[in-house]
Amino acid sequence: MTSTAPSDGTGIIDLDPWLEPFREAIKRRFDYVESWIKTVDEVEGGLDKFSKGYEKFGFNVSETGDITYREWAPNAIEAALVGDFNNWDTKANPMTRDNFGVWEIALPAKNGTPVIPHDSKVKITMVTRSGERIYRIPAWIKRVVQDLNVSPIYESVFWNPPKAERYNFQHARPKKPESLRIYEAHVGISSPDTRVATYKEFTANMLPRIKYLGYNAIQLMAIMEHAYYASFGYQVNNFFAASSRYGKPEDLKELVDTAHSMGLVVLLDVVHSHASKNVDDGLNMFDGSDHLYFHSGSKGQHELWDSRLFNYGNHEVLRFLLSNLRFWMEEYGFDGFRFDGVTSMLYTHHGIGTGFSGGYHEYFGPAVDDDGVMYLALANEMLHRLYPDCITVAEDVSGMPALCLPHGLGGVGFDYRLAMAIPDMYIKLLKEKSDNDWDIGNLAFTLTNRRHGEKTIAYAESHDQALVGDKSLMMWLCDKEMYTHMSVLTEFTPVIERGMALHKMIRLVTHALGGEGYLNFEGNEFGHPEWLDFPRAGNNNSFWYARRQLNLTEDHLLRYRFLNEFDRAMQLTESKYGWLHAPQAYISLKHEGDKVLVFERADLLWIFNFHPTESFTDYRVGVEQAGTYRVVLDTDDQAFGGLGRIDQGTRFFTTDMEWNGRRNYLQVYIPTRTALALALEETL
C-alpha cells in the first residue's frame with residue numbers, strides 16, 4: 001500500500017477501475033468496519049484487549065489457585081456453578097450478575113489448591129425467565145469429553161493440569177512461507193486402522209511424511225470440538241475445546257510444536273460461519289433464548305446445514321469469535337486459519353440457491369451481509385496487526401472482489417482465497433468429456449481466471465471431492481481397475497496408464513498455473529483409492545472408509561509409490577524455483593488440435609501434451625530467454641511410474657527466431673499424455 005493510496009477504503013478502485021460505480025458502497029463498508037474499530041478502541045481499549053476475552057470469560061485460575069468463572073447469559077434470572085466438586089448442588093455456588101448480563105463467581109483456593117479438581121465435570125445451571133432450570137456446558141470451556149457407552153452428549157470438564165504435566169513450547173513459529181504448499185489433513189482418519197487416530201500418532205507418523213513430501217504448511221480439519229464425528233468437524237459445539245477424540249490438549253500442542261521444529265506452519269480450519277444446533281452440549285439456546293450468540297427466528301437458521309447462524313453485529317458475539325481466533329493462536333500456537341463457509345457469512349442468502357455471474361452488483365448490493373463482512377475484516381485486521389506472519393485463507397465460491405486485499409485499501413484482509421472452480425472443472429471434464437474433447441483454452445482460462453493482486457490457492461481436489469457421494473480424481477480416472485491393476489506384478493493396462501499419467505499432469509498444471517499457493521488433501525497425492533465416509537447410522541457405524549491407507553505407498557509392489565514420489569518431486573522443484581510466488585504465467589500456446597499447452601513461469605518452460613494418442617517429435621515451442629534448457633520435471637519419468645520416453649540428459653538449444661510471440665524457440669519431443677518443465681542449464 002503506497003502512501004498516496006486513499007485512506008477512505010477506496011484504494012481498491014485504483015487497482016480495479018471497474019469498481020468505480022460502487023464507490024459509495026465500498027466507502028460505506030469501510031466506514032462501518034472503522035466504526036467498530038473505534039467502538040472497540042473506546043469501550044474495550046483496542047482489538048488487542050478485546051480479543052483476549054478468554055482471560056475474562058470462562059474459567060481462569062490465578063497463581064494462588066483462586067478460580068474466577070464468568071459467563072454472558074442475559075436471559076437468565078439465576079445462575080450457579082455446579083459439578084463434581086460440589087455434588088451438583090444448585091444452591092452451593094450461586095453466581096452474581098452485572099448490568100450487562102454477565103454472571104460471575106469467585107472460588108478462593110484452599111491451602112493454595114483450586115477447589116475444583118483438574119479434569120472433573122462442571123456445568124452452569126440457570127433459571128430462565130419462564131422459570132425453567134437448565135444445565136449448560138460453559139461457552140468458553142476448554143475441554144469436553146464424550147463417553148459413547150453412556151451418552152453421545154458431551155460433558156464439560158475443568159481443565160487445569162499440574163504445571164509438571166503442561167506442555168511447554170520449545171520452537172518458534174516458522175516464517176510465513178513465500179510459496180504456500182498446504183497439506184490438508186484430518187487427525188482422526190490419519191491411520192490405516194479402522195478407528196480414530198490420535199494427535200500423538202499424527203505427530204509420529206504424519207509429520208515426517210508431510211515434511212518428506214516437501215509441503216511447508218499443514219491445514220488441520222475437525223479440531224474444534226464437534227459432537228457428530230461424521231460432520232467432518234463442520235458442526236462445532238465447543239469453540240475453545242480441541243477435540244478430545246484424538247487425545248489431550250497437551251498432545252495437540254506437541255503436534256503443533258513438532259511441526260514448527262520441522263519448519264512447517266500449521267493452519268486451523270476454523271468454523272465461524274455457523275454452529276451446531278445442539279442445546280445440551282452446544283451454544284444453542286444457551287441462556288434459554290434463541291438469540292444470544294445467534295440471530296433469532298429463521299434468520300438464525302441455516303436451512304441447508306441445519307445449524308445456527310451467528311449475529312456478527314453483536315458486541316459480545318464479536319468478543320467471543322475474535323477471542324476464539326486469538327485463543328487458537330496463543331494457546332496452541334497455530335499460525336493462521338482457513339475460514340470455512342465464507343460465502344455464507346458474506347451474503348444474507350448464504351449462497352443458497354444463488355449462482356454468481358461475476359457481475360459487480362452482486363458483491364455490493366442488498367444481498368451482502370454487512371455484519372458478516374465487517375466481522376471478517378475485523379478478524380483479519382486483528383490477526384495481522386498482532387501476528388504479522390499470520391496466514392488467513394477464505395473459502396468463498398462467490399469471487400467477491402477485494403476479499404484478499406487489506407482493510408486499508410477497502411478489502412476484507414484475507415491473504416489467500418481458494419480457487420474453488422478448478423476442482424469442479426476437472427470433475428466436469430472427467431465425467432462429461434472424452435479425452436479428445438478436452439478444451440485446452442478453457443482449461444488454461446479456468447486455471448488463470450483470478451483477480452490480479454489477490455492471491456489464490458489452487459487445488460485439483462480437496463476433502464470435498466473425497467467424501468462419499470463424490471469420487472477422487474484417481475477414482476474417476478481408474479475406477480474398478482484400481483483394485484486389480486495397481487500392482488507392478490499385473491499388466492500396466494491402458495486404464496491405469498492413462499489414470500496415472502493424467503493424475504500427475506492435472507496436479508502439475510494446477511500447481512504451475514493455478515495460483516499463488518497449492519493445496520492437497522491427505523492421500524490424494526498418491527491417488528488414494530475409495531472415498532471418505534465417517535461412522536454413522538447409514539453405514540452401521542463403520543470405520544472402513546473413515547481412514548487413510550497411507551501404508552499403500554510403502555508397498556514397493558504397488559504403483560501408488562510412483563505417484564507419491566512425483567508429488568514430492570513437484571513440491572521440491574517448486575521449493576527450488578518458486579513459481580507460486582512468481583508473477584502469473586505467460587501462456588504462448590493453447591493448441592486445441594494437438595491438445596498442447598505451453599507457458600513460462602518463474603523462468604521455467606512448461607509443456608503439456610494432453611493428446612490421448614499423439615506424440616510429437618521436434619515440436620517447436622516459443623521461449624523468451626535464450627540458452628540451453630534441461631528437464632527438471634518429467635511426468636513420464638520411470639521413477640514416477642511413467643514409460644521413460646524422454647532422455648533426462650537431453651539438452652535443448654534455443655534458436656534466435658520469434659515463435660508464438662516469444663523471442664526464441666526450441667524443439668522438443670513430447671510423448672502423449674506427458675508434461676515437462678524445462679529450466680536453463682545454469683539454474684540446475
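Here the Cβ of each residue, glycine as well, is placed from N, Cα and C on the backbone.
Since this is a predicted model, take the numbers as computed values, not measurements.
Sequence annotations record features per position, and here Swiss-Prot assigns (1,4-alpha-D-glucosyl)n binding site to W88, K123 based on similarity to another entry. Residues or ranges marked as active site, nucleophile by Swiss-Prot on the basis of similarity to another entry: D340. The feature active site, proton donor is assigned by Swiss-Prot to E395. Swiss-Prot lists D464 with the feature site 'Transition state stabilizer', giving similarity to another entry as the kind of evidence.
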Count the other Cβ atoms sitting within 10 Å of the Cβ of D464 (site 'Transition state stabilizer'), across every protein chain shown.
14
If you draw a 10 Å sphere around the Cβ of K123 ((1,4-alpha-D-glucosyl)n binding site), how many other Cβ atoms fall inside it, taking every protein chain shown into account?
19
Sequence gap of 6 or more, C-beta under 8 Å: which same-chain residues meet both conditions with respect to W88 ((1,4-alpha-D-glucosyl)n binding site)?
V82
Using DSSP and three states only, what is D464 (site 'Transition state stabilizer')?
helix
When you put D340 (active site, nucleophile) at the centre and draw a 10 Å sphere around its Cα, which of the recorded positions K123, E395, D464 have their Cα inside it?
E395
Using DSSP and three states only, what is K123 ((1,4-alpha-D-glucosyl)n binding site)?
strand
Nearest-integer angstrom distance between the alpha carbons (Cα) of D464 (site 'Transition state stabilizer') and K123 ((1,4-alpha-D-glucosyl)n binding site):
36
Close in space, distant in sequence - E395 (active site, proton donor), Cβ under 8 Å, 6 or more apart:
R338, F339, D340, G341, V342, T343, R417, L418, M420
Tell me the coarse DSSP state (helix, strand, coil) of W88 ((1,4-alpha-D-glucosyl)n binding site).
coil
